[in-house]
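Lifted from Swiss-Prot, the feature list:
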type: BINDING; residues: 71-76, 105-109, 129-130, LYS142, LYS151, 169-172; note: NAD(+) binding site
type: BINDING; residues: GLU184, HIS247, HIS264; note: Zn(2+) binding site
Amino acid sequence: MITVDVDLGDRAYPIHIGSGLLSKAELFAPHIRGARAVIVTNETVAPLYAAKVEEAIRSLGKAVDTVVLPDGESFKKWDTLNRIFDALLTAGADRKTTLIALGGGVIGDMTGFAAACYMRGVPFIQVPTTLLSQVDSSVGGKTGINHPLGKNMIGAFHQPQAVLADIDTLRTLPARELAAGMAEVIKHGAIADADYFAWIEQNIRGLNDCDTDLMTEAVRGSVRIKAAVVAQDERETGLRATLNFGHTFGHAIEAGLGYGEWLHGEAVGCGMVMAADLSHRLGFIDIDTRNRITALTCAADLPTVAPALGVDRFIELMRVDKKAEAGEIKFVLLRKLGQAFVTTVPDADLRATLLHAVLRPPTEAPVA
């Protein structure tokens, strides 16, 4: 087992990475201080893993309840969140009750938000079961739900007590879900570590096949980068915003198509291709770097051509973004591979990238 620590002073917490973690009661024990835990999971994950976690918690002498929610991004909303609150109140959960998020990013985000809100804050543990949630969304304390007008617009920062990333759970992922998680792995290399990006390029075939050793290293490499960023900028006032590389375009794709039509990682993958094109168009990266990002995204079985939402609709959707200020859209771009920054961009260049992303094969030279 590998452990990466998120250094937030008295709110620091461990990220444990390895195989067979769901059954290890000793990993849960330090973080469940009350008499009860409530597992929040979904209809897909519950039959696979809920019993293992329940058994581990009961072996500690704790009561455990399990809330099973519908599966999918389209359920990341108020109605579903209220089902968690209903279950907590019905079970008599108190301020020492620990919530356990057992599932992917949707479950993690909603469980964390419920933990932030219930009785003004209760502890929770992240047990991510998808690649995307293991390498990204389970780390850093961002929680929330979607609104019809924008993704993740309602939420809170609420750090977990611990993250248990069991690599074994990735073996049951559909290929499409595994690919979606690779988008965030690629993102971390692109924004923070060119050597890590090159390692992903060299090992993409084995990663696509979910090789255990390679996947363990990918999760470790990504959470190492994210943990370092979160430790420096927990509330996303500066550096942490660079973790949104590809997300401004990606969130617009998700909202424009309807949540759930594309997986989040698929939209981020395409968004990274678009952000790389915009970075090149503005003179920050060369054509080879842009094409490396596009080629690796494609090799990870992610979409590289954007849906035809229309340029004006894309721009309208991107204005509803947490990074936007006074209606001005901000983008995470690359100065070079491994170095990202946040900026505004000229409207003409943005429109050119949007047209290019839909109409041109992504490896062609940009349209002037």
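In case you wondered, yes, glycine gets a Cβ from its N, Cα and C as well.
Quick caveat, the model's predicted, so the values are computed rather than measured.
Most Cβ neighbours within 10 Å among the binding-site residues HIS247, HIS264: this distinction goes to HIS264. Cα of ASP71 (NAD(+) binding site) to Cα of HIS247 (Zn(2+) binding site): a distance of 22 Å. Taking each Cβ in turn and tallying the other Cβ atoms within 10 Å, the top scorer among the binding-site residues THR130, THR169 is THR130. Calculated from their C-alpha atoms, the gap between GLY108 (NAD(+) binding site) and HIS247 (Zn(2+) binding site) amounts to 18 Å. Ranking the binding-site residues GLY105, GLY108 by how many other Cβ atoms lie within 10 angstroms of each Cβ puts GLY105 at the bottom. Taking GLY105 (NAD(+) binding site) as the reference point, the binding-site residues whose C-alpha atoms are within 10 Å of its C-alpha, out of GLU184, HIS247, HIS264, are HIS264.
Using the Cβ center of GLU184, HIS247, HIS264 for Zn(2+), the list of other same-chain residues with Cβ within 8 Å runs, in sequence order, LEU132, ASP136, SER137, ALA183, LYS187, GLY246, GLY250, GLY265, ALA267, VAL268, GLY271. In sequence order, LEU131, LEU132, VAL135, ASP136, SER222, GLY265, VAL268 constitute the residues six or more apart from GLU184 (Zn(2+) binding site) in its chain with CB-CB distances below 8 Å. Following the DSSP three-state reduction, the secondary structure of THR130 (NAD(+) binding site) is coil. For the pair SER74 (NAD(+) binding site) and HIS264 (Zn(2+) binding site), the Cα-Cα distance reads 11 Å. Proximity of THR172 (NAD(+) binding site) to non-local residues of its own chain (separation of 6 or more, Cβ distance below 8 Å) is seen for LEU48, given in sequence order. It is SER74, among the binding-site residues ASP71, SER74, whose Cβ has the fewest other Cβ atoms within 10 Å in the structure shown. Reduced to three states, the DSSP call for ASP71 (NAD(+) binding site) is coil.
Looking at HIS247 (Zn(2+) binding site) and THR130 (NAD(+) binding site), their Cα atoms lie 19 Å from each other.
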